[in-house]
Amino acid sequence: MATHYYTVSWDQLHRDSKALAWRLNALAPFDGIVAITRGGLIPAAIVARELECRLIETVSIVTYDEERIGKPTITKPPTAAGDGAGFLIIDDLVDTGTTAREVRQLLPRAHFATVYAKPAGKALVDTFITEVSQDTWILFPWDTEPQFVAPIARAGTPPRGA
Ligand SMILES: O=P(O)(O)OC[C@H]1O[C@H](OP(=O)(O)OP(=O)(O)O)[C@H](O)[C@@H]1O
Ligand SMILES: Nc1nc2[nH]cnc2c(=O)[nH]1
Ligand SMILES: [Mg+2]
């Protein structure tokens, strides 16, 4: 269970995904990009734009229900990436490496890249940008919205009117 949260804004996600694109550009060109849905969709779109890559394939894989890990289920396998040779796989993050292991079996010859990585899974990806600790849960902008936060001086006191 995560004990810390790391909140990523749209702006930061765009910057970090562009940093990933800079790194990957050194390995380009790729024949196509495989986005691991859903989390990999937006980083894959940003990388595809920067690398001027217009062939986008998807693999749909569900491993988590909110913060609870389960058995990975492939709801859509790749159809146009062969054994992965020449392809770039993009996901938002690698945590335990469970999803990455499944995807690697499907596309063993692809280059696997994520924006964020945790220690338990980082050896399973070829390229990543930012490492966060294993006890941190990354909150993406599509999972969050701004809301009121009480002043620090009021911490521990019940909200007014409660
Ligand atoms: O390394 P792991 O422990 O496997 O965790 C990483 C995976 O978990 C999340 O996907 P999730 O299953 O939540 O599905 P989603 O992308 O549709 O949100 C995330 O997008 C990665 O794909
Ligand atoms: N949003 C989100 N999904 C995950 N799936 C596995 N680890 C994480 C995480 O830290 N954040
Ligand atoms: Mg995912």
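For all residues, glycine too, the Cβ spot is worked out from N, Cα and C.
What TrEMBL records for Arg38, Gly39, Asp91, Asp92, Leu93, Val94, Asp95, Thr96, Gly97, Thr98, Thr99 is 5-phospho-alpha-D-ribose 1-diphosphate binding site. Long-range neighbours of Thr99 (5-phospho-alpha-D-ribose 1-diphosphate binding site) (same chain, six or more residues apart, CB within less than 8 Å of its CB): Ile36, Ile61, Thr63, Pro72, Asp91. DSSP gives Thr99 (5-phospho-alpha-D-ribose 1-diphosphate binding site) a helix state.
Here TrEMBL flags Asp92 as Mg(2+) binding site. Sequence-distant contacts of Asp92 (Mg(2+) binding site), defined by Cβ-Cβ distance under 8 angstroms and a gap of at least six in the same chain, are Gly39, Gly40, Ile42, Pro43, Thr114, Val115, Tyr116, Ile138, Phe140. Secondary structure at Asp92 (Mg(2+) binding site), taken from DSSP and collapsed to helix, strand or coil, is strand.
Applying an 8 A CB threshold to same-chain residues 6+ apart, the list for Asp95 (5-phospho-alpha-D-ribose 1-diphosphate binding site) reads Lys118, Ala120, Gly121, Gln134. What TrEMBL lists as xanthine binding site is Asp95, Ile138.
Taken from TrEMBL, the feature guanine binding site covers Asp95, Ile138.
Per TrEMBL, GMP binding site is recorded for Asp95, Thr96, Gly97, Thr98, Thr99, Trp137, Ile138.
Across the residues of the domain 'Phosphoribosyltransferase' (9-147), the predicted structure has a mean pLDDT of 97. Under the heading domain 'Phosphoribosyltransferase', TrEMBL lists 9-147.
Taking a C-beta cut-off of under 8 angstroms and a sequence separation of 6 or more, Thr98 (GMP binding site) has the following same-chain neighbours: Thr63, Ile69, Pro72, Gly121.
Helix, strand and coil content of the domain 'Phosphoribosyltransferase' (9-147), in residues and according to DSSP, is 42 helix, 49 strand, 48 coil. Checking the binding-site residues Asp95, Thr96, Thr98, Thr99, Trp137, Ile138 for a CB within less than 6 Å of any atom of ligand 2 leaves Asp95, Trp137, Ile138, listed in sequence order. Around the Cβ of Trp137 (GMP binding site), a 10 Å sphere holds 17 further Cβ atoms from the protein chains shown.
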